[in-house]
Amino acid sequence: MGLFLSKIVEALTAFSGSDPARILMLGLDAAGKTTVLYKLKLNETVCTIPTIGFNVETVSPVKGVTFTVWDVGGQEKIRTLWRHYYQNAQGLVYVVDSADVIRMAEAKEELHAICKDIQMEGVPVVIVANKQDLPGALKTSEIADQLDMLSFRDRKWYVQGACAKTGEGIYEAMTEMARLTKLFQSKR
């Protein structure tokens, strides 16, 4: 009987450990969130239109790791709805357009507003510094400075340069998200 019960507990533990981590993918409009998501899901570049609402996909970017990724539209009118997606988030992938220097202050403001919400307390952040292939794209260190990442003392964060169209940097970003998510889950 004891062996039987221990097998049940083992099976339940294995099952609960395989639940996908809930990852939010946020950022300003035209940053490339949907392109990143479908590069992960399909490993191809898809033609996208501005997201009104959200896209949700289950992806396994790293062996043994599954994410349910919520890609929520970034238009200014939609951003007020972001907070409705925060509950139970285990990671935040924040996508920025590295070449859109003019809107970097706006991206910073939105990122800090997200991270100040009580539901996002301690949630790890991976910044996908997208569009690194474009002329004038800021380096990852410059983006970290522009977004004032050093002010985040209550959470782990990482900045990864990327190009969603080619896939460069996307899997590295998700590998880091997997590592940070596991750390976050172990502390809960």
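Using N, Cα and C of the backbone, Cβ positions are placed for all residues, glycine too.
Any TrEMBL annotation is an automated prediction that lacks curation.
Summarising the annotation, TrEMBL assigns GTP binding site to Gly27, Leu28, Asp29, Ala30, Ala31, Gly32, Lys33, Thr34, Gly74, Asn130, Lys131, Gln132, Asp133. The Cβ neighbour count for Asp29 (GTP binding site), using a 10 Å radius and every protein chain shown, is 16.
In the three-state DSSP scheme, Thr51 (Mg(2+) binding site) falls into the coil class. If you look up TrEMBL, you'll see Thr34, Thr51 marked as Mg(2+) binding site.
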Quick tally, other C-beta within 10 angstroms, Gly27, Gly74; top of the binding-site residues is Gly27
CA pair Asp29 (GTP binding site) / Thr51 (Mg(2+) binding site), Å rounded to integer, equals 8
In this structure, the one of the binding-site residues Lys33, Lys131 whose CB has the fewest other CB atoms within 10 Å is Lys131
One residue among the binding-site residues Thr34, Thr51 has the fewest other C-beta atoms within 10 A of its C-beta, namely Thr51
